Amino acid sequence: MALLKMKFTQQRRVRLAQGLWLLSWLAVMCGAFIFCLGVYLKTELLRRAEVMDNTEIHVVPNILMMVGLASIGTNWVASRVCQDSLDASRFPRWKVLLLAWFAVAALLCCLLIAVVVLSYALQGRLEESLKVGLRNGIRFYKDTDVPGRCFQKETIDHLQMEFRCCGNNNFKDWFEVQWVSNRYLDFTSKDVKDRIRSNVDGRFLLDGVPFSCCNPASPRPCLQYHLTDSRAHYNYEYQSEELNLYSRGCRQALIDYYMDLMNSTGPGVLSVILIQMSVLLSLRYLQTAVEGAMALENPEGESEGYLLEKDVKQTFEDCKAKVLDMLKLAQVDAAAAEVSPGAADAEKTVDNTTEKAASPTPAS
């Protein structure tokens, strides 16, 4: 028994084809939107690639770009099917291709749902990637003359100023690394010597931060050094001074930025899924209604359209049987290909024996 069966007159089929044609082009534009969304997200991730430890999060924009391009192609095909659906001479050529089209369209919907799920599931991976990447970025901040790291200082400074953040977790992360290059240290200075000797690793550590951590909203000039010493500055209290530096860490700032970006794509992606599903279901009704009219040999008569020819269980069993038959045929072909060389040799041997038996024996 057909599932969700509907009656279609010639006029209803024409209206369905026209509406589906418009919906298909809307889906094409949605595919372009999904592609552009993936490109934008990919670009934003690449801009901060130097402060990320891995690229697992890139799977989200990669899927968006792939699905966007595939959606443009599949929905363009759907628009062509709509144009040919009312022409009895041109529609039959789509009959075989439509089976593959339905499979691709269903796969695209599944991939879009996967994008929405991955946007939330990969938050932990994104956080870990930023934690390690920012830690390395801060550690290599001073290496402006080391190949491969010479732009690390510029990247970190731009990042802290753009996102109004400081350090990995907070500004105290700068206290644990030497962020001033040795080429700018006066090793004849007693203060420099004392700081280096006081450290086990021989690093120049100080309770200071780069200029990019300074908050322009602070009413006083920025204090970068001796931040933990309240006596080093006039009218300064280390525990209560909050406006002087950015208090938020860059890891949390970047996580909030990327998660807001990916979460904001969720409603748009879900809308595209609904449009894609509408195209898929409408095209199925159009296909079955037109094929029904052609089977009655009356293209202008009334026909039935449905989603599934049988119920869900029977349809699943039929698909399962077809897949098993295809696998069996593939196995039989492979076995025949393996046996054929031996059979050919045996046949050649039989032919040679027959020729020898048929040849006359020479007289003595």
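Glycine is treated like the rest: Cβ placed from N, Cα and C.
Any TrEMBL annotation is an automated prediction that lacks curation.
Positions annotated as transmembrane segment by TrEMBL: 20-40 (among others).
Sequence-distant contacts of the transmembrane segment (60-78) (same chain, at least 6 residues past either end, Cβ-Cβ under 8 Å): 20, 24-25, 27-28, 30-39, 41-42, 45, 97, 101, 104-105, 108, 111-112, 114-115, 118-119, 122, 262, 265, 269, 272, 276, 279, 283. The transmembrane segment annotation in TrEMBL covers 60-78 (among others).
Summarising the annotation, TrEMBL assigns transmembrane segment to 98-122 (among others).
Taken from TrEMBL, the feature region 'Disordered' covers 338-364.
Marked as compositional bias 'Basic and acidic residues' by TrEMBL: 345-354.
The feature compositional bias 'Polar residues' is assigned by TrEMBL to 355-364.
Long-range contacts of the transmembrane segment (20-40) within the same chain: residues 60-72, 75-76, 78-79, 82-83, 112, 265, 268-269, 271-272, 275-276, 278-279, 282-283, 286, each at least 6 residues beyond the stretch ends and with a Cβ under 8 Å from a Cβ of the stretch.
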